[in-house]
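J.: My questions will all concern the structure given below.
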Amino acid sequence: MNLKLEKHLNIAPEVAKALAEGKAVVALESTIIAHGMPYPKNVETAREVEDLIRAQGAVPATIAVLDGVIRIGLDEAALEKLGKADNVAKLSRRDLPLIVAQKGDGATTVAATMICAAMAGISVFATGGIGGVHRGAENDFDISADLEELAKTPVAVVCAGAKSILDLPKTLEFLETRGVPVVGYQTDKFPAFYCRDSGLDAPLTADTATEIAGMLAVQQDLGYQGGAVIANPIPESHAMDRAEMDGVIASALGSATKDGIFGKAITPYLLGKIVELTKGRSLESNIALVKNNAVLAANIAKDLSTLG
Ligand code: PSU
Ligand code: MN
């Protein structure tokens, strides 16, 4: 690793050892902890997700910026700090360099986590949902930087699709234009986070973690620049009713308009509203799907580590 990069990165010993030995490592983001779930469920979930990844025989690396250092792998105190504070910065690609220079703290989004994971040599990342093209983007141009990152940084993101707070058809079109593989895991439908089926087809389908690892290895062999979206439907036991969620999301979007929320604040605002409107039921589903994604990501990372 080059020295200039190294001075900004701190790789936890457990992660550094796994990387040096070519073992499986799974990156995890911190915006989901700081802005995606309420305290203390956020911190509890973060720990449980890490333990699940270890139980599969891979090593978790939760990523965040603390005191201006990009941390790859967080200890208990760091998780607690990020989960508890209400004003941690949300860092996407554009935000990261200034916060590092200012020696500040920040939680990384999917885009920023991909950037940091790639710097550390991690190629598989698990989360809940990716950002995408927002509804009404034809007017306000609100398209998450996650999508551009997926087109240029070689990290596979295992998620439960994207929430229908977004315009899902436009999100898939954008990913197609930028050449990002979107693979439904054991499904030919694109999942919509709380619901197993968005009503849209998954552009590609794979039935095993091994097939997905195979695709990632070929991307690497061919020198492809971008990553991939691995869309893993929420477990049946925790899936929510599509009509109910359509109503909840419409109501959350209505509140956002009324409260004049836009830009980087809109996604955290909507996530909070949805938890409120479903009286916490959506949070349980959210936790279940993140865990399900962590297990799949660990299995993909293990298979990939044998292919390298
Ligand atoms: N979608 C979710 N949960 C999340 C996010 C999105 O269901 O926690 C977070 C992720 O960190 C994602 C970010 O990268 O929001 C996208 O924000 P924006 O739309 O501002 O790019
Ligand atoms: Mn945005």
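Glycine is treated like the rest: Cβ placed from N, Cα and C.
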J.: Please state which member of Val65, Val69, Val110 TrEMBL lists alongside Lys90, Ser144, Ala145, Asp146 for binding substrate.
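T.: Only hit among Val65, Val69, Val110 in TrEMBL's substrate site, alongside Lys90, Ser144, Ala145, Asp146: Val110.
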J.: Please report the distance from the Cα of Asp142 (Mn(2+) binding site) to the Cα of Lys163 (active site, nucleophile), rounded to the nearest angstrom.
T.: 15
J.: Enumerate in sequence order the recorded positions Glu29, Val110, Ala145, Lys163 whose Cβ-atom distance to ligand 2 is under 6 angstroms.
T.: none
J.: Specify all same-chain residues, apart from the site residues Lys90, Val110, Ser144, Ala145, Asp146, whose Cβ lies within 8 angstroms of the center of the Cβ atoms of the substrate site, ordered by sequence.
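T.: Going along the sequence, the neighbours come out as Thr31, Ser92, Arg93, Thr109, Ala111, Ala112, Ile130, Gly131, Glu149.
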J.: Ala145 (substrate binding site) to Glu29 (active site, proton donor): how many Å between their Cα atoms?
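T.: With the alpha carbons as reference points, the distance is 15 Å.
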J.: Identify which of the recorded positions Lys90, Lys163 has its Cβ surrounded by the largest number of other Cβ atoms within 10 Å, counting every protein chain shown.
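T.: That would be Lys163, with the most Cβ atoms nearby.
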J.: Minimum Cβ neighbour count within 10 Å among the recorded positions Glu29, Asp142, Asp146: which residue?
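T.: Across Glu29, Asp142, Asp146, these recorded positions, the one with fewest Cβ atoms within 10 Å is Asp142.
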J.: Find the one among the binding-site residues Lys90, Val110, Ser144 whose C-alpha lies closest to that of Glu29 (active site, proton donor).
T.: Val110
